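K.L.:
According to TrEMBL, the protein carries these features:
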- 1-123: domain 'MGS-like' (DOMAIN)
- His9, Lys13, Thr35, Gly36, Thr37, Thr38, Ser55, Gly56, His88: substrate binding site (BINDING)
- Asp61: active site, proton donor/acceptor (ACT_SITE)
Amino acid sequence: MTRVALIAHDEKKSDLIEFAQAHESQLREYDLIATGTTGKRLMEATGLEIERKESGPLGGDLMIGSEVAQNLLDGIVFLRDPLRAQPHEPDISALLRICDVHDTALATNLASAEFLIEGLADR
Ligand SMILES: O=C(CO)COP(=O)(O)O
């Protein structure tokens, strides 16, 4: 089963919700995980079932990074806020790094997220 992680910083959560709504029928076919608040907001706004990890600042990025390290994930959409510093920047960097280590598909903006979701559909 295709397994996908969805994450967004606060300023980007509405973008991710719109993205998930636009691709809801495709995403419904996948195992979905998310950081805590992102997962809560997505489930409120869509009919998707999502396994919620901790909130990002409390270790959620690291929990998702752990799945990447175990090669459990097929793709990650992580809409970061490029204009604000985050208190858990080291955790965010660790997640991005481990995606590169394991060659896991990672989209950090909407344009690349569209490619990622198309790519998953074609598999
Ligand atoms: O901070 C985050 C990713 O770095 C996201 O965490 P939340 O989904 O809990 O807001």
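Our numbering is plain: 1 for the first residue shown, then up by one each step along the chain.
Any Cβ shown, glycine's included, is placed from N, Cα and C.
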K.L.:
Identify, among the binding-site residues Thr35, Thr37, the residue whose Cβ has the fewest other Cβ atoms within 10 Å in this structure.
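P.N.:
Checked Thr35, Thr37; of these binding-site residues, fewest Cβ neighbours within 10 Å: Thr37.
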K.L.:
Enter the number of other CB atoms within 10 angstroms of the CB of His88 (substrate binding site).
P.N.:
17
K.L.:
If you average the pLDDT over the domain 'MGS-like' (1-123), what number do you get?
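P.N.:
Here the mean pLDDT over the domain 'MGS-like' (1-123) amounts to 98.
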K.L.:
Could you find out if DSSP has the residue listed as 'active site, proton donor/acceptor' as helix, strand or coil?
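P.N.:
The residue in question, the residue listed as 'active site, proton donor/acceptor', is helix (DSSP, three-state).
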K.L.:
Using Cβ-Cβ distances, find the residues under 8 Å from Asp61 (active site, proton donor/acceptor) that belong to the same chain and are at least 6 apart in sequence, listing them in sequence order.
P.N.:
Ile7, Thr35, His88, Asp91, Ile92, Ala94, Leu95
K.L.:
Could you list the residues of the same chain, at least six apart in sequence, whose Cβ is under 8 A from the Cβ of Ser55 (substrate binding site)?
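P.N.:
Residues satisfying the criterion: Thr35, Gly36, Thr37.
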K.L.:
Just how spread out is the substrate site if you go by the largest Cα to Cα distance in Å among His9, Lys13, Thr35, Gly36, Thr37, Thr38, Ser55, Gly56, His88?
P.N.:
17
